[in-house]
Amino acid sequence: MANTTGLNAPEVAASMGLILAAVVEAAALLGNGALLVVVLRTPGLRDALYLVHLCVVDLLAAGSIMPLGLLAAPPPGLGRVRLGPAPCRAARFLSAALLPACTLGVAALGLARYRLIVHPLRPGARPPPTLVLTAVWAAAGLLGALSLLGPPPAPPPAPARCSVLAGGLEPFRPLWALLAFALPALLLLGAYGGIFLVARRAALRPPRPARGSRPRSDSLDSRLSILPPLRPRPPWGKAALAPALAVGQFAACWLPYGCACLAPAAQAAAAEAAVTWVAYSAFAAHPFLYGLLQRPVRRTLGRLARRALPRPPRACTSRAWHPRALLQHLHRPPEGPVPGPSEAPEQAQDLAGRESLSMPEAT
């Protein structure tokens with residue numbers, strides 16, 4: 001019984017890893033596709049081009065290197081499909097180019113938000129987004145071209161190493177870790193650190209008194225209202241949420257992969273599947289972190305969701321006993337013709353006769 005459990009444990013672990021990887025793949029495709037549609041439908045979004053670029057890079061990665069990771073991961077990884085020499089080099093090039101494009105794009109988005117918040121009235125200090133994204137893709141293309149200089153995949157008995165970590169790229173992996181991880185991490189930390197300092201300074205600044213405001217009275221209620229709470233909260237707590245989430249997500253997803261690039265080849269190959277899919281989880285986290293935290297994106301998403309979902313039929317409620325409807329009904333003019341002065345006495349006599357006839361019946 002123990003031997004059977006021991007034999008089935010690697011298969012169970014591989015199956016669980018395959019399920020988690022498929023969930024990450026589906027979340028990356030659906031989340032980035034939905035965010036791309038919402039960003040294109042949101043007018044006046046200042047960092048729209050950077051968000052569109054990030055969505056496109058995530059979709060390219062979710063459609064190319066993530067399925068290859070599901071099918072051709074090294075054992076004891078997720079897949080068992082063996083790639084030939086040409087597909088192996090293509091997978092290595094895509095992995096070495098798309099991952100730096102993603103990390104550098106995230107850093108460019110953080111710097112753009114820093115300039116929009118800290119220097120909102122100085123548009124000349126902001127470089128054009130096309131120039132920034134061109135530099136991002138130039139660096140990504142350089143790193144992808146360096147990956148093609150590695151050795152071809154091993155013969156069939158040995159596992160084919162089609163990634164940066166275990167593809168025989170030991171001379172280039174430190175440069176790749178420096179440009180793809182260390183540089184974006186420093187840029188992102190500086191940008192969101194500056195945003196946090198500006199928000200903290202604005203939160204600690206006392207509010208200016210409004211014009212024409214009356215002085216506070218000296219009553220007991222007014223004295224109690226200005227007392228500090230029992231557990232004071234820091235005024236910069238809400239301002240620190242977005243920078244902490246952005247920097248924490250980047251460090252959690254990309255730091256293990258960057259450390260594996262600096263590790264020896266044997267240790268990097270052993271941890272390849274785990275650190276690779278931890279890095280791939282960033283593609284699924286970007287739509288929620290950089291999309292749903294923006295109020296214009298949430299408003300546009302809610303508007304599109306209301307248009308797409310079928311509206312429930314309105315219940316036909318009776319308004320006969322509503323006070324306003326009842327008053328309108330009482331003040332409404334009669335629908336029949338107005339009686340003339342000659343017809344009015346005759347109608348009064350008829351009404352009096354009917355009342356006199358109905359009196360004995362009532363008694």
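Every residue gets a Cβ built from N, Cα and C, even glycine.
What you see is a predicted model, and the numbers here were worked out from it, not measured in a lab.
What TrEMBL lists as domain 'G-protein coupled receptors family 1 profile' is 31-290. Residues or ranges marked as region 'Disordered' by TrEMBL: 206-225, 330-363. Taken from TrEMBL, the feature transmembrane segment covers 12-38, 50-73, 93-111, 131-149, 175-199.
Among 50-73, 93-111, 131-149, 50-73 has the largest number of CB pairs under 8 A with the transmembrane segment (12-38). Mean per-residue pLDDT, taken over the domain 'G-protein coupled receptors family 1 profile' (31-290), amounts to 79. Sequence-distant contacts of the transmembrane segment (175-199) (same chain, at least 6 residues past either end, Cβ-Cβ under 8 Å): 96, 99-100, 103-104, 106-107, 110-111, 113-114, 117-118, 139, 143, 146, 164, 169, 236, 239-240, 242-243, 246-247, 250-251, 254-255, 257-258, 261-262.
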